[in-house]
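Taken from Swiss-Prot as is:
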BINDING   165, 200, 224, 226  Fe cation binding site
């Protein structure tokens, strides 16, 4: 084998730059790390050769990556945000959560899940401050054969009508506002009351936000409800449901929307039913959506 072809001679030549770097990993005793770094090295060198950046452009890229790291802290992960806006987070999620035919699709978890949300009786209202447009959420948890799943744990959370989660507005929203955990009975059905969520921006006051603006992109996520659905014997489902009429439904900043996750948000003009549900405005939003769990 020609050492010049494989890069094993150790000398740097532009035409075989990636091969020279990859050859230095011959003594790596972690095969997975070796595989990953070989692919990353090859693709990065391919990109640099295609782009042919100036030295000034390369230093600008280095400074951007430095700023991304510097803004991270215990509650802010700008690297994840960077991955999100490039669609990489969704791609990793899709690869790791491929579903059998008929099972509900997953999407990214998001940064605002709270592990100790309270378990609530079926039908409870998770909107604790009474603000926003009333909403009734119903549906079933099924297996891929259409059989109801009893004992399914449904962890749900959402932003309020101004686009904020409770953890973003300590002292303004009550703790655990618009969060709750529900457990299905034998019929697999769930229902709860809430407030219609609104679209909101991802954090855009840092380097990732600057990059979005430079690319001519907005920072908004369309209105959605988060779900984690788990049951014994089934794969846990992390997903959302989205309002198809949201202005940002086709341009989610983090690419989290899949067509199967669109739900039907219906405005119900029924004063009697609204009163029965404890809604004071004489009308409400209704959304019915089933989730299908895979084993």
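The backbone N, Cα and C atoms fix where each Cβ goes, glycine too.
The model shown is predicted, which means the values in this text are computed figures rather than measured ones.
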Three-state secondary structure, residue 165 (Fe cation binding site) (per DSSP): coil
Assigned element (helix, strand, coil) containing residue 226 (Fe cation binding site), judged by DSSP: strand
Close in space, distant in sequence - residue 224 (Fe cation binding site), Cβ under 8 Å, 6 or more apart: 158, 197, 240, 241, 242, 243, 256
Environment of 165, 200, 224, 226, the listed Fe cation site - residues of the same chain whose CB lies within 8 A of the CB centroid: 110, 112, 157, 158, 159, 163, 197, 221, 223, 225, 240
